[in-house]
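As structure tokens, the structure follows; a few thoughts come after it.
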Amino acid sequence: MRSADVEYSPVGEGLGMREFWLYVWLRRVAVIAAHVTGMGLTLIISLLSRPGTSLFSWHPVCMSFAYCLCMTEGILLFSAEGSPFCFKSRKGKVRLHWFCQALVLISAATGLGFMVASKSVSELPHLVTWHSLLGICTLAATILQASCGLCVVCPKLLRLSSSVPRLKLYHATCGLVVYLLATVTVVSAMFSDWFQATVKGVAWWAFLLLPLFPALVVMNQITNAYLPRKKITS
């Protein structure tokens, strides 16, 4: 079979017109819901933390702003369905993506600083819970991912042998891993003494499930954009 006989089908190939538009509508609703979920989680966690009442109170605020809001928006702005920046050019979206990821690093580092200061003042041990260990791993992975982003932007300056499309694939794949790791870290925070003392009952179960929804939307977006599409032979 010759290579000219192989084509790649677009998303939605094989669907009828009615099913195709239903598929597009459902994806758009899911992306909009992911935006709302990320913003809602950030706002509610910030209110529950009562920032300013203690050093620790700033930790959930900074971390939710970094990962629930900025990282989510930094990825979803590339979505064709429901992105508030859909009118921007690709170059403009890349700049916004970098801005969001810079905010992630700054906010996460600030949140870590408040946690270290709080533990030191209270004379409590560091890195003794699964949440703290996952948090350090997530922050380290975020820094590495930002470094990978530099490789995508400046491949010639860094004298990299890989092609730009391949570097973008690596960057997107690693970004998905970092986002899923961040989601696990956020979920593990729901099991902390502070959160379980603040939120109880049905509301706690709702908070436990909410971070998973944006993660599914982000996973769907990245896999649809970068995984090889189904081949059709003539």
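Using the three backbone atoms N, Cα and C, a Cβ is placed for every residue, glycine included.
Note that TrEMBL annotation is computational and uncurated.
Quick look at what TrEMBL annotates:
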DOMAIN    25-229  domain 'Cytochrome b561'
TRANSMEM  25-49  transmembrane segment
TRANSMEM  55-78  transmembrane segment
TRANSMEM  98-118  transmembrane segment
TRANSMEM  130-157  transmembrane segment
TRANSMEM  169-191  transmembrane segment
TRANSMEM  203-227  transmembrane segment
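In this chain, the transmembrane segment (169-191) lies apart from the transmembrane segment (98-118): fewer than three C-beta pairs between them fall below 8 angstroms, excluding pairs fewer than 6 positions apart. Taken together, the residues of the domain 'Cytochrome b561' (25-229) have an average pLDDT of 89.
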